[in-house]
Amino acid sequence: MACGALEYSDYNWGYTCESQSEYYCEDGIMQYPHGKVLGGSSIINYMIYTRGNKLDFDKWAAMGNPGWSYDDVLPYFLKLEDAHLAIKDDEYHNNGGPLSVSDVPYRSKMVDAYVKASQEAGLPYVDYNGKSQMGVSYVQSTTRNGRRSDAENSYLRPIRYRKNIKIQKASRATKILIDPSTKTAYGVEYINGGKTYRVLAAKEVISSAGSLNSPQLLMLSGIGPKTHLEQIGIPIQSDLPVGKKMYDHVLFPGVVFQLNDSLPINLVEEIINPTNYLQYSNGKGFLTSTNTVEAISYIKTNVSTDPDASYPDIELVMLGISLAADHGILIRRTYNIDRNTFDKVFKPLESKYTYQVTPLLLHPKSIGRIELRSSNPLHSPRFYTNYYTDTENEDIATVIAGIREIQRINRTPTMQKYNATIVRTPLPGCEDIKFDTDEYWECGIRSIISSLHHQTSTCKMGPKNDTEAVVDYKLKVHGINRLRVVDISVIPVPMSAHTVAVAYMVGERAADIIKNDWTGI
């Protein structure tokens, strides 16, 4: 339930994006959580398991990456999964894999109403990890018996005593060692206890530091944009567009509905309630919720330019409560909302029964980037989000279309039984614009910006003739021998999904690629 608190713990690198004063987040600075723990971000994420759309992966293959089409990667999704789902397309799921995928034990009455209302609005109920993604569904989560199933307890813990693995904790990789004459990676430099060490590779070096840290490590090692590395003072090993492209899923948490129910949820009281802890110890109850996310829908809005009817452009994320439920202690920080905005818009709702649906932009046209701050590996990189900067304003138009779909669902008979009414408190900076016009929503969308931390594509996969590519279809870094990147930084296009399922799949697929390269198996 309180997984958002992990974003403010020692399990997080504590990254922030470069300040953008027009955002109504604390000091204009957006948090960029990234797991600093065995298991990485699977330890601190919201546990929402979505694989993506068939067309996502078919696009990978069409871009010159053989072996990455949907038909190619589906066996790896099946291999990794141990599914415990009440409703599922059986042929698209598996039992016995390392990662548990389950229904969330807790469901509010509000989510049942929302799912029914979505169906009344024409969205079919689907297994979004099955044959068809388009429609509404209760959340599938990486949990087992109400508890987190992650990369550490699912993959690493069972093999930690193998003779051919050594886990070096409290260590930070600072540089990949590369022979400049042969352009061959031969080891890694790392820091442990304030001292610098080197470990040499008998076969190859693999970076699995994630979409934020893998590009940093490559650039520190001389692999990256030549001009940028020269400015930093790092010798060039391979001139590649590392960090030049960064996609992210941005959402808008400014659409709130008030209901006529007289029993508002007070999240603080729920968390400290001893009864809830007893239920949680048995894998049940309110505390097993995936940070209040209870249902998601994949939709295609009326502004989509993609010709395929089965390719969504918006994900609707349904929260069984609103940002007001914990008095601004945690949820507002999770969504990067500053205190003044919270006090004005959300605080008056603390005694009300509310719920939210947030539109998530699946395929942004706006592109961010990552740069080094300096040649010091202990300095965090610079993250430039560049949200809503596409020249044709398509991203804004798509999110507004998502808001209109949310309103359409809210007008159904089921939601009107609750007298569900949109909260009309003006968003900051938008007070002089007529409420509910497209102009009003554009103002709000540009002001209250929240990320789901799904950064990808910073070490893009593609053929050598792709000027944006960093690795090839075998995840080998272009121009450097015996070096691969295996994480979601290689994803070439924004996904119709949260990213953790794809991260596991990339790892499973990479394991077979590497095994085949070295053994022929």
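Any Cβ shown, glycine's included, is placed from N, Cα and C.
According to TrEMBL:
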type	residues	note
ACT_SITE	H454	active site, proton donor
ACT_SITE	H498	active site, proton acceptor
BINDING	V37	FAD binding site
DOMAIN	35-58	domain 'Glucose-methanol-choline oxidoreductase N-terminal'
DOMAIN	210-224	domain 'Glucose-methanol-choline oxidoreductase N-terminal'
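The Cβ of the residue listed as 'active site, proton acceptor' lies under 8 Å from the Cβ of N45, Y46, I48, Y49, T50, H249, L452, H454, each of which sits 6+ residues away along the same chain. Each residue of the domain 'Glucose-methanol-choline oxidoreductase N-terminal' (35-58) gets a DSSP state, and the totals for helix, strand and coil are 9 helix, 2 strand, 13 coil. Sequence-distant neighbours of V37 (FAD binding site) (same chain, 6+ residues apart, CB-CB distance under 8 A): Y11, I43, I44, E152.
Cβ neighbours within 10 Å of the residue listed as 'active site, proton donor', excluding its own Cβ and spanning all shown chains: 23.
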